[in-house]
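Written below as structure tokens is the structure these notes are about.
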Amino acid sequence: MTDATPAASAPAPRGARDDGLDAHLIVDRGSFRLDVPLTAAPGEVVALLGPNGAGKTTALRALAGLAPLSGGHLRLDGRELDRTPPESRPVGVVFQDYLLFPHLTALDNVAFGPRCRGAGRAEARTRAAAWLDRMGLAGHSGVKPRRLSGGQAQRVALARALATLPRLLLLDEPLAALDARTRLEVRAQLRRHLAEFEAVAVLVTHDPLDAMVLADRLVVVEHGRVVQEGTPSDIARHPRTDYIARLVGLNLYRGRAEGHTVRLDSGSEITTAEELSGPVFVAFPPGAVTLHRDRPTGSSARNLWHCAIEGLEIHGDQIRADLTGALPIAADLTTAAAAELDLHPGAPVWATVKATQTHAYPA
Amino acid sequence: MTPPRPTGTATVLPGGPRRGRPRTGVPLPLLLPALAGLAFLVLPLAALLVRAPWSSLPEQLTSPEVWQALRLSLVCATSATALSLVVGVPLAWLLARTDFPGRGLVRALVTLPLVLPPVVGGVALLLALGRNGIVGRWLDAWFGVTLPFTTAGVILAETFVAMPFLVITVEGTLRAADRRYEEAAQTLGASRFTAFRRVTLPLIAPGVAAGAVLAWARALGEFGATITFAGNFPGRTQTMPLAVYLALQNDPAAAIALSLVLLAVSVAVLAGLRDRWTNAS
């Protein structure tokens with residue numbers, strides 16, 4: 001055991017190869033089936049993003065060895081891990097509510113992993129102290145978890161997971177347990193620590209902002225399957241399911257394009273700036289929608305639909321109107337405009353969208 | 001004045017001896033039986049104190065027989081508790097954390113001594129571990145070990161009766177404990193046993209302590225199984241409860257004195273551990 005690679009269970013036998021995570025996770029649980037292919041290069045941060053019940057946490061547990069795979073495979077740095085029990089996997093986990101051992105100090109929590117992986121008491125503590133120091137928690141080493149703030153506990157949990165020098169770091173909703181204000185700060189810190197981490201990191205979240213800030217690549221999971229995969233900006237601009245479109249605040253439609261016209265399954269048409277043919281998605285932000293009480297004349301907008309207000313809700317200093325009719329639309333308008341138009345559920349409205357505000361891309 | 005309301009402060013008579021009773025709003029059909037029950041529990045203890053031979057007490061208590069019986073009781077109850085801990089905590093873990101066919105039956109068997117008359121337990125122990133018992137015969141033949149009518153026999157009889165209390169308490173605590181801590185320990189490289197030793201056990205320590213105290217108290221007062229399996233030999237198997245019973249036949253004053261000692265020990269344990277628990281949790 002050298003200074004360079006302390007702790008950790010003996011790494012891959014063919015230690016030279018360093019090709020990150022190559023997994024196909026299949027877990028059957030009653031009527032639910034998780035089927036998620038997942039690969040990541042060392043140094044990459046991948047976010048599994050999806051609604052509650054999509055199977056994200058199951059995927060994470062399968063990676064950690066806490067839930068057995070029903071099929072597929074799991075390789076890390078070229079080493080098969082399918083049958084390896086959790087305690088022998090070079091995997092570190094930051095759990096959703098951290099699960100710091102309440103009877104141990106912050107230092108002993110972090111030293112727990114190195115101790116279990118064979119380090120002596122003194123050595124484990126020295127290493128743990130170094131990790132706490134790196135997390136800016138040198139002054140809190142003797143503190144029990146219940147005396148730590150949410151942000152501090154999160155960093156101790158991260159230090160505890162990293163202290164075993166994992167080749168795969170798993171984070172389950174790492175920011176969910178924090179209040180809004182701490183969250184912002186912790187998110188920035190976590191981003192920095194993840195950027196420094198040289199192995200694979202996989203985080204699970206239902207919060208698109210967390211995913212987009214923290215991850216290099218998003219894997220969107222719905223109903224146990226991958227529905228979209230890509231860089232955060234790619235996914236934000238080209239959502240492929242309603243769930244992601246809602247998350248990133250876009251109206252999303254699927255249809256067939258012929259030139260500048262996209263015909264939806266419902267029969268409605270959208271005029272787009274792009275010229276495409278075949279199956280496409282069309283997206284535009286709610287802010288691009290203009291509402292009119294009477295049918296507008298002489299408008300430059302190429303898209304005009306007759307709709308009815310289904311619901312109104314306040315979004316910050318704006319009002320989000322949900323429209324039904326020709327096609328379901330979310331529209332944002334100011335409270336003043338909403339008052340002027342005398343909007344109320346059931347009220348008929350005309351919605352216009354400029355073709356240049358829409359964005360069409362192949363499905 | 002406004003008309004009196006059932007729960008209003010206006011009905012509380014200042015300075016009256018029954019002040020506070022109307023305020024609590026306890027219906028009489030509940031209050032009266034409750035008070036009767038309380039009296040029933042407290043009255044015998046009061047009688048013990050009232051009738052205690054206070055003048056001759058120092059003399060009674062310093063007699064070697066009393067000390068002998070008390071020491072034997074404490075040694076046996078503590079040993080039985082230790083034995084229960086060594087085998088009972090793993091048994092509780094097995095019941096709470098694993099799933100095997102017939103687990104329900106095993107659990108029923110573990111709890112059986114809770115409801116079994118202790119005398120029956122003593123008879124059963126004799127048939128199992130007695131000199132002609134199904135196991136005792138071999139113990140005798142191969143190792144020359146005889147358990148009935150020895151101090152070791154007392155410890156076994158007390159363990160038989162007391163261990164279920166520990167197992168049930170610890171199992172309940174284990175079920176209530178968050179298993180994800182064990183998973184967290186596993187992801188950090190701890191084997192299941194290490195996770196149990198370094199994470200689970202410290203977390204359930206209050207429950208283990210509670211179970212141990214229950215078991216200890218039960219063992220201290222154990223009578224039926226002990227006298228059946230281990231007999232009543234002063235200095236060897238005559239624990240306090242046996243001594244009390246025997247003394248009651250020919251020296252009631254001594255019986256009362258011995259009872260007072262047991263009462264004091266019980267109260268001391270209860271008071272001492274209550275503080276420890278409240279501090280721990």
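Heads up, the Cβ atoms here are built off N, Cα and C, so glycines get one too.
Residues annotated as domain 'ABC transmembrane type-1' in TrEMBL: B:70-271.
Look at TrEMBL and you will find B:1-21 tagged as region 'Disordered'.
Remote same-chain partners of the transmembrane segment (B:28-50), defined as residues 6 or more beyond its termini with a Cβ less than 8 Å from a stretch Cβ, comprise 256, 259-260, 263. Look at TrEMBL and you will find B:28-50 (among others) tagged as transmembrane segment.
Residues or ranges marked as transmembrane segment by TrEMBL: B:70-96 (among others). For the transmembrane segment (B:70-96), the residues of the chain that approach it from at least six positions outside its boundaries are 103, 106-107, 110, 151, 154-156, 158-159, 162-163, 166-168, 170-171, 174-175, 196, 200-201, 208, 211-212, 215-216, 219-220, 222, 235-241, 261-262, 265, judged by C-beta separation under 8 angstroms.
Among the features that TrEMBL reports, transmembrane segment is placed at B:108-129 (among others).
Long-range contacts of the transmembrane segment (B:141-170) within the same chain: residues 72, 75-77, 79-81, 83-85, 87-89, 91-93, 95-96, 110-114, 118, 121-122, 125-126, 129-131, 204, 207-208, 210-212, 214-216, 218-219, 222, 225-226, 228-231, 233, 236-237, 239, each at least 6 residues beyond the stretch ends and with a Cβ under 8 Å from a Cβ of the stretch. Marked as transmembrane segment by TrEMBL: B:141-170 (among others).
Positions annotated as transmembrane segment by TrEMBL: B:199-217 (among others).
The transmembrane segment feature in TrEMBL is assigned to B:253-273 (among others). Among residues of the same chain six or more beyond the transmembrane segment (B:253-273), those with a C-beta under 8 A of the stretch's C-beta atoms are 45, 48-49, 51-53, 56-57, 60-61, 63, 66, 69-70, 73-74, 209, 213, 216-217, 220-221, 240-241, 243-245, 247.
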